[in-house]
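One structure below.
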Amino acid sequence: MWSAGRGGAVGTALLGLLLALLVPGGGAATTGAGLVTCGSVLKLLNTQHRVRLHSHDIKYGSGSGQQSVTGVEASDDANSYWRIRGGSESGCPRGSPVRCGQAVRLTHVLTGKNLHTHHFPSPLSNNQEVSAFGEDGEGDDLDLWTVRCSGKHWERQAVVRFQHVGTSVFLSVTGEQYGSPIRGQHEVHGMPSANTHNTWKAMEGIFIKPSVEPSAGHDEL
């Protein structure tokens, strides 16, 4: 059985943060090319299956029993916003460009939980389960994901992968869809190898302007 929790003050507070970033003069951009920076709030599109990374206050009925993470086709769902954070409070200063090869946390804006994976099988494909874990943005070391991209920094128009630091799997979608109560949503899971199912692109969001202009260069990983 799936179980639904109750959204609390955390979701309201983090949504307030998103709205605050929309205030003119707040040092943020909503459209156009550029870099993904620490503190930015964005949606992530799986480029193969055309679904956005999503979570909600509904727990898995098997495996870890933690908050589920899925992919949705809708582009306007507020439950698809994630905030880019560093591995520590000092590791990703607000407005600094995210480097290719940098470890980050992706915190779900409305529930305050971090994108997470561990050695549980996913419900549909039997790959590695991906969940949302923690409270108020604080979880554990299994919340860290390395941004895999070409060049020096994560560019908003570029395709990237997210490789889990603790277990080495890649954040993936392979097309399996859930039934009730989240009918039509796609399973998100971890796969052991890089392939077309684990490419992602930054989409809608509020992007904090870089605090310092990054140096030029394209160091291939």
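Note that Cβ sites are derived from N, Cα and C of the backbone, with glycine treated the same way.
Remember, predicted model here, so these are calculated numbers, not experimental data.
The signal peptide annotation in TrEMBL covers 1-28.
TrEMBL lists 33-87 (among others) with the feature domain 'MIR'. This prediction places the mean pLDDT of the domain 'MIR' (33-87) at 95.
The domain 'MIR' feature in TrEMBL is assigned to 95-150 (among others).
What TrEMBL lists as domain 'MIR' is 151-205 (among others).
For the domain 'MIR' (95-150), DSSP puts the residue distribution at 3 helix, 28 strand, 25 coil.
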